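Summarising the annotation, Swiss-Prot assigns ATP binding site to GLY758, PRO759, PRO760, GLY761, THR762, GLY763, LYS764, THR765 and lists sequence analysis as the type of evidence.
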Amino acid sequence: MMITADLIWDENLDNDCEVSKDIWEDDTFIDKSYLKVVLPSYDGVDTPIVYHFKLNDDLKINSIKIPTNSIGNLGKFGRLNTCSLEAVSGEPPVLKEIIIKIDERLYDKLALLPKANEKKQYFQIKYNLVNKQSVIHEGNIWGHVCEVVETKPFSQGVIDFSVTDIVLIRSKILSVENKHDRSLVNLQAFHDLSRIPLKCLHYPVERSLLLPEPPFDDDDSIYVFFPFDLLSKLKISSGSFVRLSNSKNSVLVRAFLLQSPNHYAVDGIYTTPFVLAQFDELPLVEVEPVYNNELAFPTASEVVISKVGNVLHTQKRYQELILQKLRYYFLTARRILSNGSLIPITIDSSFDEIILEDIDLDVNTIKSDDDCIVWFVVSNRKFENISNYDPKAEFFVDPKHTKLITSAMENRSLSSNTFNSALKYYGLPGVFHYRPDIFPVVNDIKNVINTHAEANKKVPNLPMILNLSSNVPKVGKASILRSIAIDLSYQFVDIDTLSVVFSSGSSDIATTFLGYLKGKLENLLPFTGNTIILIKHIDHILKKVDQNQDIQQSRQVKALEGDLISFIKSYSRIYPGVVFAFTSASIDNLPEGFRSEIKFDYVVHPPNEKQRRSIIDELLSTSDLFQKYGNRKLRIQCSNEIEISTLSLHSAGLSPYDIQYIISLAVADSLRKCNNYLLWRQNKIKVDMISIQNALEKVRSDYSASIGAPSIPNVTWDDVGGLSSVKDAIMETIDLPLKHPELFGSGLKKRSGILFYGPPGTGKTLLAKAIATNFSLNFFSVKGPELLNMYIGESEANVRRVFQKARDAKPCVIFFDEVDSVAPKRGNQGDSGGVMDRIVSQLLAELDGMSSDGDGVFIIGATNRPDLLDEALLRPGRFDKLIYLGIADTREKQANIMRALTRKFKVSSDINFDELVSDFPFSYTGADFYALCSDAMLKAMTRISKEIDEKVDKYNQDNGTSISIRYWFDHVCSDEDTDVIVKKEDFLNANKELIPSVSQQELEHYKQIRANFEDSK
């Protein structure tokens, strides 16, 4: 049971807390040694802090004294003075590891201590740490020089000096005085009191943090929170009214102290989206005191509220819900407004008028998850018995006496800062911010839209049509445009052609679709100003059709094409600020007439490694990650061991949607693992690297077929035996460009193609996979028949798609197995149409492109017959590195191959592979050695099975029973009975039965081919 107590901070306490006598004698605290303290939080997440507690008879009734060193972001003034307490049953867990950041001078002194136990003794004595009693928390600050940055496996627990490891990090850190006095550190942020930064709160503030507590019907939308030092400097008391003003606007607000501890930077004042919206364009304000005689506002008898142009306001199914939410906003408080005040209202778009028909009008009874915001603006007001009231002055809205009237829409735009801040404040789904320096396509589209806006001022009625195409689904085309619309303060309208219902057999698609468009836009565009209209999947209804094959469909497409172009030109004349954007799989799918109207076409590829790193970094931002768990809100944190660079590398080829799904799976997995220890994790869920890797593997396995995501094989150099001589050539070709790309920035062309040739079974494919694994490269394996297609031009298109996928997934290896079947000598093929010659030509063109835009893409070919390859493939810049992979021609190589193949075997201890291979012929390939080892394992298993039969028979004879083999396995046998140990005799017997796959005559032929190639190079 939680109780509320007065809170006293003490800088002299070390680790334990002290309670007053009445709490000590409370029934719930008797026979308990630990309690948890919950401080009111500005982010809505309760953070329980567990202390070992003791009695202090001198404390006043119902009070607790806690050490200041247990809170890392505690200011020196304006601290919280109340908290909640609850006794903790049981004993705290023992921490396995404590990571402490300490001042470099102390670190150097402790480094001189020869034993780890001596370092532990220092902390035990210096900071009064009691073994198995003192609770250590993340964020603890000891003395002037130590800060606990992480504890494992929990966020708090006791230290056991015989078990707990202490890890020290050498660092320059602030002294405890400065650490506890963030306001003094940032005092100069307010050197100009006429330009104080106005920022938005991250979350609504609970009433327990308001000092003094205001009336229940107080207008909470005008609260502004000030750091202690700024309140003191302005000589303002917490809870008083002040006026924020600048050259644009003036707003009456109520000032409150931003109590410590809190997570806000002390470089501004923090308010609600309502106040921030009034200073939308210039959030720098001056603060002026307001006296009581200035607060005698009249109550309006009638207020007219207009809708701010938004697509939700035009949809009838949301009107009742929006009005209910607006009514509830005014019923819950006595609002203070003025002409022009912008009012944000959140709604759940999953509700509609059909659902609301049977629901009470009190919207508070509806349990919903709001997901979007609509805005209103005060456009007029009337008073009884007052005729000449200042148009800019404030007034009260009393739900009992004020009549509310909603009118038509008005054209207002909000800055991206206000829009995004409001989304975060209300906990609504945000929009990913694409940084223009990392996503060039975003910068290009922004420049085009801005140029169009400037050109429209000089030459109006210029239509602007964009197309974003990608053959990869959910690559982020719509989210890119939505992000741009927010950044440029454009309205955004999203229309999906897949959601348009056409009647079966309808012959007039144009009329249906254009009617749908007009219904969406004609009531919206007059009130929105600059607007991006996105029509998704336009190639679903407007696709290129051969009129000779389907005359009826061709006529429909022609009609829709002409009507849509006329519609766009007409609306561009009426509404000059409109930008029409389309998405499609490829612009080539669209009719030529419509394509000619598209001013700019952008191909959106899956994000590259740098872009994926940016996406993952933002998705893992700890300030935005929260999870609802029952009635509680949990904070999601990322473990320090997470390597974003590794994740960005291994997520090659995945779309932003897939990456977001990976993070959500990892959070869910971490929550499952942590939900039994939430108290000791302080309601924090740490997402570790293992959870993210498991989620990544799951997404890859689930979606690789549909999205074509390449994967990284799990083959290491240890799996490759006898090929160490070729590693240097591979390192030169692949490792050098990856680690030192600057060496190739001066025009020096890098090698990107390697050709493995030699007898079959010598490890060409295995070596290619080992390269991909060793350098963390993605791996595409291409077979010749996969590229062939019966339609003219499609085979060459397949080659282009393979290379484009590789560029999207770089760093990547494209492996052409049996490349002689893909690129034989041109002119020698008897196929009709010369398809193989065209494939070779396309392959040559793509290989030549690797030296320009193919950084990070490497081509590996493997063939048994290099003499059949087109000679152009072997010229510099293509497959210019030829590596012969022959048989193991020394005993050392043969022994290395045997060790690699039996790495996961249990072999007899008396086996010496150097001696074992002494009788093997030099005609064995790697595949032959693999067959030999597999056969030896099979013989060992056969031998073990016979031994088990004998053991069962002996057991039955000795015990007079007749048990089955299954019963013997389940109840009698030991692990040693079932261990399959491969003995020397198994290898020798397998060798006797093995026939080499390559004859001596064939080996001589391959040696001759090698000699010919080496002489010609």
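Numbers run from 1 along the shown chain.
Yeah, the Cβs are placed from backbone N, Cα and C, and that goes for glycine too.
Same-chain residues with CB within 8 A of the center of the GLY758, PRO759, PRO760, GLY761, THR762, GLY763, LYS764, THR765 CB atoms, the ATP site residues themselves not counted, are PHE756, ALA862, ASN864, LEU885, THR925, GLY926, ALA927. Between the binding-site residues THR762, THR765, THR762 has the most other Cβ atoms inside 10 Å of its own Cβ, all protein chains included. Cβ packing within 10 Å was compared across the binding-site residues PRO759, PRO760, and the lowest neighbour count falls to PRO760. A C-beta separation below 8 Å, combined with a sequence spacing of at least six in one chain, links GLY761 (ATP binding site) to THR925, GLY926, ALA927, ASP928, SER997, VAL998. Considering only the binding-site residues GLY758, GLY763, the Cβ with the fewest other Cβ atoms within 10 Å is that of GLY758. Close to LYS764 (ATP binding site) in the fold, though at least 6 residues off in sequence, lie PHE756, TYR757, GLY758, ASP817, ALA862, LEU885, each with a CB less than 8 Å from its CB.
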